[in-house]
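Report on the following structure.
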Amino acid sequence: MTFVMALDQGTTSSRAILFDQAGNPHAVAQQEFTQHYPQPGWVEHDANEIWQTQCAVAQQVLRENQISASQVTAIGITNQRETTVIWDRATGQPIAPAIVWQDRRTAGDCQQMRVDGLQDLVLEKTGLVIDAYFCASKIRWLLNQVPGAFERAKKGKLAFGTIDSWLIWKLSGGTLHVTDITNASRTMLMDLDHGHWDDHLLGVFQIPREILPTIVPSSQVYGETTAELFGQSIKIAAAVGDQQSALFGQNCTKHGMAKNTYGTGCFMLMNTGTEAQRSTNRLLTTAAATVSGEHQFALEGSVFVAGAAVQWLRDGLQIIDSAPEVEELARSVPDSGGVYVVPAMAGLGAPIWDAEARGTIVGITRGTTKAHIGRATLEGIAFQVADVFDAMRQDAGIPIDQLRVDGGAAANDLLMQFQADIMQTPVIRPVVTETTALGAAYLAGLATGFWENEAQLHSIWQAERRFEPQLTAQQAEVRRARWKEALKRAMAWEKGN
Ligand SMILES: Nc1ncnc2c1ncn2[C@@H]1O[C@H](COP(=O)(O)OP(=O)(O)O)[C@@H](O)[C@H]1O
Ligand SMILES: O=P(O)(O)OC[C@H](O)CO
């Protein structure tokens with residue numbers, strides 16, 4: 001039996017999953033790694049620990065399942081995006097801790113860039129809003145703050161990479177310095193329409209070109225792992241940012257097909273085909289993964305707090321013992337009893353982008369119970385997703401006839417039903433919900449003949465459940481109107497502080 005191995009390097013854990021030819025996960029190994037919060041607003045990872053855990057789980061999944069490297073046709077990598085690593089090309093050692101996508105240390109620099117009027121240029125070139133989320137200001141920070149780094153970078157002695165680059169560098173024994181186009185599109189340094197580094201932006205951020213990896217397609221044999229790692233070399237045949245990977249893993253390869261991943265936060269992406277459509281609703285434009293050779297794009301919107309609101313019910317309010325329990329709690333009442341929870345604990349993301357919004361509960365009466373709060377929290381997640389979906393629908397200009405879902409909280413049937421109700425659009429949950437890893441496996445498998453073509457993948461992808469809207473359009477409209485009222489009360493809260 002042969003397999004494709006997906007390496008799924010996420011924000012909190014490293015996973016290795018073997019997929020068989022039917023596209024089913026055969027075996028999984030996973031390790032969490034350390035989150036570092038050295039100052040308020042800072043989030044760091046140790047890039048060596050990322051590598052060690054990723055390598056360990058890849059070796060473990062083979063060892064524990066008595067599978068040899070010769071049975072692994074290819075490796076596909078998918079990763080937390082934007083997290084920035086700079087390392088020394090000679091020693092392979094990072095020059096500083098990796099700056100994680102959530103890190104806000106460069107927010108002031110980004111604010112200054114907006115004041116300087118650079119937003120239109122950045123949007124035009126990269127499809128992104130200027131924000132500390134993306135790599136450019138993080139690279140700039142590292143080159144400024146680590147003594148001698150800028151000079152060494154100019155001399156070509158340092159390498160920058162997102163986690164895909166870093167893992168490929170390590171897997172290949174320091175011979176490959178590449179990044180795939182989906183990851184590159186999150187740096188804020190790539191000309192999105194043409195898929196190359198943009199000299200003008202490199203000038204604005206004062207980033208020497210010598211530090212950058214080569215941009216490669218998401219599905220291609222880039223090279224091989226060293227033989228020592230797994231007993232013999234394995235082809236490295238895909239790299240893709242985790243959200244674009246999930247889009248591909250959900251087979252959303254045509255214009256108008258969209259997926260939403262319900263994890264800690266939510267990430268919704270919609271394929272826009274070969275057009276890098278700019279949003280008029282404050283969504284991001286990003287590169288999508290493709291095997292055809294032509295560039296494809298997606299619109300993206302994120303909700304900052306989704307599953308994390310359920311964690312708050314568990315750890316903060318302590319009204320449930322585990323996340324899945326929220327469903328039973330919510331089902332114990334027929335509705336939320338007029339309560340609305342706006343889970344804006346970390347501000348509001350797309351399409352509102354209000355960093356000063358805060359979590360809000362409105363509509364509490366003497367009859368309100370923890371079950372109403374639990375139900376309203378789930379509904380609050382769904383309302384936020386519906387707002388992003390509306391923005392996409394408006395930008396798309398074509399009907400989006402369904403939303404494919406995955407991620408931990410997509411297991412919640414009540415949440416999925418309410419999502420369909422409130423969007424008035426069917427929600428489809430696939431049999432294999434490991435779609436992030438699956439996307440990377442698909443891309444690696446297609447590059448190496450493990451799977452013949454995309455049509456074959458479309459035939460093996462299966463829906464597990466389809467949630468049809470049960471509320472009438474008018475009922476949904478009434479609920480959405482009340483939600484908008486609740487939102488207003490959450491917005492700009494922190495401003496008054
Ligand atoms: N049945 C459930 N109902 C609601 N939320 C859930 C459920 N199961 C898990 N979650 C939430 O989903 C998140 C975990 O999903 P996961 O996809 O593993 O997230 P991430 O990749 O961001 O760590 C947690 O925030 C958890 O609270
Ligand atoms: O690792 P995740 O699943 O939290 O995803 C992180 C995103 O890629 C950040 O843009």
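Cβ coordinates come from backbone N, Cα and C, glycine included.
Here TrEMBL flags 4-249 as domain 'Carbohydrate kinase FGGY N-terminal'.
For Thr11, Thr12, Ser13, Thr264, Gly307, Gln311, Gly408, the entry in TrEMBL reads ATP binding site. Look at Gln311 (ATP binding site): DSSP puts it in a helix. Within its own chain, Gln311 (ATP binding site) has Thr264, Ala323 as residues 6 or more apart in sequence whose C-beta sits under 8 angstroms from its own.
The ADP binding site annotation in TrEMBL covers Thr11, Arg15, Thr264, Gly307, Gly408, Asn412. Remark: Gly307 (ATP binding site) has Tyr262, Gly263, Thr264, Gly265, Ala323, Ile381, Gly407, Gly408, Ala409 as non-local neighbours, by Cβ distance under 8 Å and separation of at least 6 in sequence.
Taking a C-beta cut-off of under 8 angstroms and a sequence separation of 6 or more, Arg81 (sn-glycerol 3-phosphate binding site) has the following same-chain neighbours: Trp101, Thr162, Ile163, Thr182, Asn183, Arg186, Gly241, Asp242, Gln243. Arg81 (sn-glycerol 3-phosphate binding site) carries neither a helix nor a strand DSSP state and counts as coil. The sn-glycerol 3-phosphate binding site feature in TrEMBL is assigned to Thr11, Arg81, Glu82, Tyr133, Asp242.
Taken from TrEMBL, the feature glycerol binding site covers Arg81, Glu82, Tyr133, Asp242, Gln243.
Per TrEMBL, domain 'Carbohydrate kinase FGGY C-terminal' is recorded for 259-447.
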**Item:** Contacting binding-site residues, sequence order - Thr11, Arg81, Asp242, Gly307 vs ligand 2, Cβ under 6 Å
**Value:** Thr11, Arg81, Asp242
**Asked** Just checking, which of Glu82, Asp242 (binding-site residues) has the fewest C-beta atoms within 10 Å of its C-beta?
**Response** Glu82
**Request:** Report the binding-site residues (Ser13, Arg81, Glu82, Tyr133, Asp242, Gln243) that meet this criterion: Cβ distance to the nearest atom of ligand 1 under 6 Å. Use sequence order and write none if nothing qualifies.
**Result:** none
**Message:** I want to check the contact list for Thr11 (ATP binding site): same chain, sequence separation of six or more, C-beta distance under 8 angstroms. What comes out?
**Reply:** Gln80, Thr83, Val100, Trp101, Gln102, Thr264
**Asked** What count of other C-beta atoms do you get within 10 angstroms of the C-beta of Gln243 (glycerol binding site), across all chains shown?
**Response** 24
